[in-house]
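To keep things clear, I will list the structure first and then write my remarks on it.
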Amino acid sequence: MNTENLLKNNNVDHEEIAKFEAVASRWWDLEGEFKPLHRINPLRLGYIAERAGGLFGKKVLDVGCGGGILAESMAREGATVTGLDMGFEPLQVAKLHALESGIQVEYVQETVEEHAAKHAGQYDVVTCMEMLEHVPDPQSVVRACAQLVKPGGDVFFSTLNRNGKSWLMAVVGAEYILRMVPKGTHDVKKFIKPAELLGWVDQTSLKERHMTGLHYNPITNSFKLGPGVDVNYMLHTQNK
């Protein structure tokens, strides 16, 4: 393997991959470990579709697609979707579920850096949801996403802010008290401040268009989008 390919393959945290491999068979269990992803998916999909001016007929790449929850929902909107992930088991689950659902999605096991080297400028929309905090070099992912989108195309990121409140909500609350996600899912040191993400975006051809927070209300047990990016947040960018 040459140096360039080695670098492209290096942006993988194998411990993170193993976490999701272990629970991949339950990816589509609406009451399982991925219940929060199923519950927030309509919000994510709605935000992406609205900000991108619809998805019908567009070529879309979902980076870090896992078992295919978002990828399938975008395909249902009429998009031609490719899903990328480095986890073998999640991709097998995604392929099987798409087959059973009669949904056409192409799933590929490779890094976004590898994909960008072969498919630069080929996508109308690129999504990277809850993935940046699970790789060693998130800035490299941002660069690759910028390379993959067409001029004027849209790139969406979502991740977790790094602060005390985010640690309390996403780690202590979600993992240990409410048990919404498995213990050890998140590492607060890998969370990303909005200013950091915007700084990486500024070093690419992407331009910030909109940012919103994703909020959970434990009293009503509901999620909503709105102002405030102190815990979960989503960023819409557009290629210049």
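A Cβ is built for glycine as well, from the same backbone N, Cα and C atoms used for every other residue.
The S-adenosyl-L-methionine site in Swiss-Prot is built from Gly64, Asp85, Met129 plus one of Arg44, Arg51, Arg143, namely Arg44. A coil conformation is recorded for Asp85 (S-adenosyl-L-methionine binding site) in the three-state DSSP classification, outside any helix or strand. Annotation note: Arg44 (S-adenosyl-L-methionine binding site) sits in a helical segment as assigned by DSSP. Around Gly64 (S-adenosyl-L-methionine binding site), the same-chain residues six or more apart in sequence whose CB sits under 8 Å from its CB are Leu84, Asp85, Val112, Cys128, Met129, Glu130, Met131, His134, listed in sequence order. Its Cβ taken as reference, Met129 (S-adenosyl-L-methionine binding site) is surrounded by 22 other Cβ atoms within 10 Å in the chains shown. Comparing the binding-site residues Arg44, Asp85 on other C-beta atoms within 10 angstroms of each C-beta gives the minimum for Arg44.
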